Structures are given as structure tokens and as C-alpha cells.
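As annotated by Swiss-Prot, compositional bias 'Basic and acidic residues' applies to 1-14. Residues or ranges marked as N-linked glycosylation site in Swiss-Prot: Asn61, Asn66, Asn178, Asn223, Asn356, Asn439. The region 'Disordered' annotation in Swiss-Prot covers 1-26. If you look up Swiss-Prot, you'll see 38-58, 76-96, 103-123, 155-175, 200-220, 232-252, 310-330, 369-389, 411-431, 458-478, 497-517, 540-560 marked as transmembrane segment.
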Amino acid sequence: MPAPRAREQPRVPGERQPLLPRGARGPRRWRRAAGAAVLLVEMLERAAFFGVTANLVLYLNSTNFNWTGEQATRAALVFLGASYLLAPVGGWLADVYLGRYRAVALSLLLYLAASGLLPATAFPDGRSSFCGEMPASPLGPACPSAGCPRSSPSPYCAPVLYAGLLLLGLAASSVRSNLTSFGADQVMDLGRDATRRFFNWFYWSINLGAVLSLLVVAFIQQNISFLLGYSIPVGCVGLAFFIFLFATPVFITKPPMGSQVSSMLKLALQNCCPQLWQRHSARDRQCARVLADERSPQPGASPQEDIANFQVLVKILPVMVTLVPYWMVYFQMQSTYVLQGLHLHIPNIFPANPANISVALRAQGSSYTIPEAWLLLANVVVVLILVPLKDRLIDPLLLRCKLLPSALQKMALGMFFGFTSVIVAGVLEMERLHYIHHNETVSQQIGEVLYNAAPLSIWWQIPQYLLIGISEIFASIPGLEFAYSEAPRSMQGAIMGIFFCLSGVGSLLGSSLVALLSLPGGWLHCPKDFGNINNCRMDLYFFLLAGIQAVTALLFVWIAGRYERASQGPASHSRFSRDRG
């Protein structure tokens with residue numbers, strides 16, 4: 001009985017309620033309709049996102065742009081990083097100026113415009129309009145000796161593509177940071193169980209969109225046309241925008257409530273640099289003591305609440321920061337794992353020739369090659385199967401036996417599976433290079449590019465994709481749970497934004513590591529092997545990632561242990577006194 005009363009609190013000034021029929025069942029039915037609309041929008045947006053990322057390395061590495069494998073991998077990691085790193089920007093704009101509804105709508109519009117760049121550059125006239133003419137020869141003169149230094153060719157159309165990918169990353173990150181909370185607002189009145197189920201289905205929608213995109217869009221991009229393949233994500237975003245606008249009458253929309261970013265920065269400055277803070281605030285000692293914002297008297301957090309929220313942030317941040325190396329590992333499946341797969345033997349679908357030689361069959365037009373991006377389905381299918389199984393069967397059983405691990409313990413287990421994934425990838429790369437160095441190769445044409453691949457089947461990559469999928473269940477989902485549940489209500493949006501931002505930091509650090517190792521003398525420096533990785537040492541790169549993950553996993557276990565002991569101590573009563581909604 002008390003819970004329903006708590007949810008009937010006065011509405012926020014400026015909050016718009018949907019035009020719902022009055023009645024016992026009407027509101028519940030329309031709340032579910034609003035939640036379903038959000039799930040459909042998220043599914044279409046994720047289908048578009050994976051449609052962009054699945055073959056981005058292949059697209060940039062193709063004859064359309066002639067980027068090297070290292071350059072294409074770096075661009076993919078930058079885009080993935082931006083799509084997470086910029087999440088606080090969208091959340092801040094929604095909190096301060098736009099509100100979540102308008103932030104999502106405007107983000108989808110930007111998404112639609114930015115995603116149009118990829119199909120626009122997928123045909124010659126469009127490329128020449130945006131990028132100019134490609135240089136006659138992207139390769140320099142041959143090296144007289146194997147050890148002579150030579151830099152990789154400057155990537156064609158890089159400024160335009162990077163600008164478009166960064167705008168696309170900003171749009172995707174803004175949708176990610178606002179649509180999740182906006183959807184939860186729609187079902188919050190139905191109770192806490194409805195909110196929990198919404199998040200389960202929300203994660204399902206993400207992966208369902210990924211499945212549809214990888215099955216259809218990735219196949220079209222690799223075997224038919226990049227123009228058609230990249231036009232489908234544009235259509236998905238357009239349909240998502242239409243559905244979002246069409247469902248407006250059933251949405252609950254809330255006005256912007258302000259941001260606590262300035263308060264947190266002031267508190268950080270006071271704690272880290274007290275002398276500097278005292279000089280800065282000497283004109284107002286009382287302001288320096290209570291850290292009050294220069295706000296007019298309006299609803300918002302009090303100075304005491306700001307201090308309490310800052311203390312929570314200081315406790316949570318070390319836990320989330322130690323997840324960054326996990327994200328470095330996680331994003332390999334959409335960058336270096338793809339590049340590795342392009343240099344393994346990719347079988348044909350419905351081959352007409354028993355010899356199954358890819359180049360000959362492609363020349364005859366008698367079959368299609370299996371899209372390398374389909375291996376991402378191993379990750380997605382694991383999530384689609386194990387999430388409901390874990391939610392409905394495994395977790396309740398462990399709970400009855402009092403063996404259910406905490407979110408932090410699950411995250412540590414997820415790091416272990418991520419570690420094993422890159423170890424498996426490194427071992428496979430060692431075996432692949434063994435065949436390459438003994439001149440045991442097969443030539444295969446993928447899209448318009450000819451690759452010298454090892455005779456190892458691409459199916460050998462399935463274990464590393466399965467392991468990264470299992471790690472996602474134990475690290476990513478509990479990470480979201482931890483960030484949402486440990487934050488006070490007034491900072492849930494900010495802390496979720498920080499969580500996604502740190503995910504992007506992991507991707508960008510992975511990109512920086514690739515760039516560093518691509519310098520002359522680095523493991524990934526192989527300019528004489530244009531477009532390929534056969535003279536690189538990507539196996540050592542994978543083992544380096546595994547070592548970084550192992551060290552930080554041990555650090556995470558220590559930090560998480562301290563956090564849980566502090567939560568169970570005398571101060572734990574304050575944890576439960578915070579308003580988590």
C-alpha cells in the first residue's frame with residue numbers, strides 16, 4: 001500500500017501528462033503502449049547503429065577509400081568511443097535546456113542527417129562531391145629493403161568521414177543517454193517490477209536490432225552494395241523518428257530540471273586544490289563553505305545534498321574507472337576481431353564449386369561469401385538466450401540458495417571472460433600467422449578487395465565472440481545495474497552518463513594503443529602489406545590487452561571488496577536513506 005502512494009506525488013512543474021482515457025485499465029494500457037514505442041525506437045536505432053559499425057572497417061579498407069587496416073580499425077574505434085564518450089553531453093543538454101523528449105527527437109534528426117553521409121560516399125559521384133578525387137596512387141614507391149622506414153599513405157577523405165562519424169557518435173550517444181531514462185519514465189507509475197521488466201526488454205530490443213542488422217544489412221554490404229547496405233540504416237533512423245513523433249500523445253514528458261555538474265566541479269576543486277578554491281571564493285566565504293550554486297531560489301538540490309551526492313560519486317567512480325580496460329577488450333569485437341576475420345578463410349554460401357575457391361566463385365557470380373560481421377551474432381545470440389534464462393531461472397535459483405553474487409562480483413567474473421576472449425584471439429592469431437609465414441594462403445575476394453588469408457576457417461573465431469558475449473552479461477548489465485542502483489535519484493542521469501562515457505574512454509584508449517603500435521617498429525606497423533595484417537603481430541597486441549585486463553581485474557577486486565565492506569559497515573544506513581526512486 002505505501003508504494004502506490006509514493007508514486008502519486010505531485011508532478012514536476014511543467015510536466016506534460018499524456019491524453020489518456022480515464023478508467024481503471026486505460027492508464028496501464030497506454031503506459032505499456034508508451035513503453036513499447038520506446039522499445040521499438042530503440043530496436044530501430046540499434047539496427048542502424050550496428051548497420052554502420054558492423055562493416056565499417058571493411059568499408060574503409062575497400063577500394064572506395066583504400067585505407068589501411070590499421071587506419072580503418074582506428075576510425076572504427078574512434079566512432080565507437082565517441083558514441084559512448086559523448087553521452088554526458090546529450091544528458092547535460094537534456095537536463096539543462098531541452099528535456100529528455102526534445103533531446104531524443106533532436107538527436108534522431110541529427111542521427112538521420114549524419115548517417116546519410118555513408119551512403120552518399122558509397123558511389124563515385126557522391127564521393128567526389130564530398131571528398132574530391134582520390135589520389136592516383138595511395139601507395140608510395142616500394143622500399144628497397146625490408147627494414148626501410150615508410151609511413152602509411154594519408155587516408156583519403158579522412159576529414160569528412162571523421163567529422164561525419166563524430167556527429168553520428170554524438171547523435172547515438174545522446175539517444176543512448178536519454179532514451180533509456182525517458183522510457184523508464186513511461187512505466188514508472190506501474191511499479192518497480194514494471195521498471196525492472198522494462199530494462200530487461202530494453203536490453204533485448206538492443207540485441208534484437210543488432211540481430212536484424214547483422215543478418216540483413218551486413219550481408220548486403222559485403223555481397224551486394226555498400227550503397228544499399230548503408231541506405232538501410234538511414235531508413236531505420238527515419239522510421240524510428242516517425243514512430244517517436246507518432247507516439248507523442250501517449251508519452252509523459254518532463255521539463256529540464258537543471259544539472260549538478262557545476263556543483264560537482266566546485267566540490268572537486270575544493271577537495272583537490274583547497275588553496276586555489278579559497279582564493280577563488282575569497283569574496284564570499286559563506287558561499288565557499290556551503291558550496292551553493294548561483295541559482296535563483298527554485299527547486300533543486302540543497303548544498304548539503306550536493307555534498308552527499310559528491311561523496312557518493314567519489315565512492316562509485318573508482319569502481320567504474322577500473323572497468324575501462326574491460327571496455328578496451330569489449331570493443332575489439334567490432335574492430336580488430338573483424339580485421340582478423342577478413343584474413344581467415346570465409347566460406348561461400350551455396351557454393352557451386354566443390355573446391356570452394358572464393359575468387360573463382362565470385363567471378364562466376366555463383367555464390368555469396370558469408371559476411372564476416374555475422375560472427376557478431378555469436379555474441380548477440382548468447383545475450384538473447386542467456387539474459388532471459390538468467391533472469392527467470394538462474395538468478396531466482398541462486399537467490400533461494402542465498403548464493404546470488406552481487407553486481408560487483410558479477411562484474412569481476414565478466415572481466416575474467418573478457419580476458420579469456422582476447423587470449424583465445426591471440427592464440428588463433430598465432431596459428432594464423434604460422435600458416436602465413438609458411439606461405440599457406442588462400443586468396444579471397446570480399447566486396448571489391450582481394451585478401452591473402454590463412455586456410456583456417458573463420459568459424460575458429462566463434463569461441464572468442466562467445467566469450468565476449470558471456471562477459472557482456474556479467475560485466476555490462478551488472479555495471480548498468482550498479483550505476484543506476486547506487487546513485488541517488490538526483491544523480492542517476494549524471495552517473496549513467498559517466499558510465500557510458502567511461503565505456504567510450506575504453507574504446508578511445510584501444511584506438512590510441514593501435515595508433516601507438518602502428519608507429520615504425522611497432523607490432524602493427526606493416527605498410528608494405530597494404531590493406532592486410534599478414535606482416536603485423538596482432539597476436540602480441542591481443543596478449544598485451546589480456547595483460548592489461550588481468551592487472552586491472554585484480555585492482556577491481558580490491559576496490560570492489562573495499563566498497564562492499566564500506567557498504568556493510570556503520571555508514572550503510574546512509575546508503576539506504578538516499579532517495580533512489
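Cβ coordinates come from backbone N, Cα and C, glycine included.
Least crowded of the glycosylation sites (Asn61, Asn66, Asn178, Asn223), judged by neighbouring Cβ atoms within 10 Å of its own Cβ: Asn223. Proximity of distant same-chain residues to the transmembrane segment (103-123), defined by a Cβ-Cβ separation under 8 Å and at least 6 residues beyond the stretch ends, is recorded for 41, 45, 48, 52, 59, 64, 90, 93-94, 129-131, 157, 160-161, 164, 167-168, 170-172, 174-175, 178-179, 182, 225-227, 229-231, 233-234, 237-238, 240-241, 244-245. When the C-alpha distances from Asn223 (N-linked glycosylation site) to the glycosylation sites Asn61, Asn66, Asn178, Asn439 are tabulated, the minimum falls on Asn61. There are 7 other CB atoms within 10 A of the CB of Asn439 (N-linked glycosylation site), with all protein chains counted. With respect to their backbone Cα atoms, Asn178 (N-linked glycosylation site) and Asn61 (N-linked glycosylation site) stand 33 Å from each other. Residues 323, 326, 329-330, 332, 336-337, 340, 405, 454, 456, 460-461, 463-465, 467-468, 470-476, 478-479, 482, 538-540, 542-543, 545-546, 549-550, 552-553, 556-557, 560 of the same chain, all 6+ positions outside the transmembrane segment (411-431), place their C-beta atoms under 8 angstroms from a C-beta of that stretch. For the transmembrane segment (76-96), same-chain residues at least 6 beyond its ends with a Cβ under 8 Å from one of its own Cβ atoms are 49, 52-53, 56-57, 60, 102-103, 107, 162, 165-166, 168-170, 172-178, 256-259, 261, 327, 331, 334-335, 338, 493-494, 496-498, 500-508, 510-511, 514. Among the stretches 232-252, 458-478, 540-560, the one making the largest number of Cβ pairs under 8 Å with the transmembrane segment (310-330) is 540-560.
When the alpha carbons of Asn61 (N-linked glycosylation site) and Asn439 (N-linked glycosylation site) are compared, the span between them is 23 angstrom. Among the recorded stretches 38-58, 155-175, 200-220, 540-560, the one sharing the largest number of Cβ pairs closer than 8 Å with the transmembrane segment (232-252) is 38-58. In this chain, the transmembrane segment (38-58) lies close to the transmembrane segment (200-220): three or more C-beta pairs between them fall below 8 angstroms, excluding pairs fewer than 6 positions apart.
Asn439 (N-linked glycosylation site) sits 25 Å from Asn66 (N-linked glycosylation site), taking the C-alpha atoms as the reference points. Sequence-distant contacts of the transmembrane segment (497-517), counting only residues of its own chain at least 6 positions beyond either end whose CB sits under 8 Å from a CB of the stretch, comprise 70, 73-74, 77-78, 80-88, 90-92, 173, 176-177, 317, 320-321, 323-328, 330-332, 335-336, 479-480, 483, 523-525, 541, 544-545.
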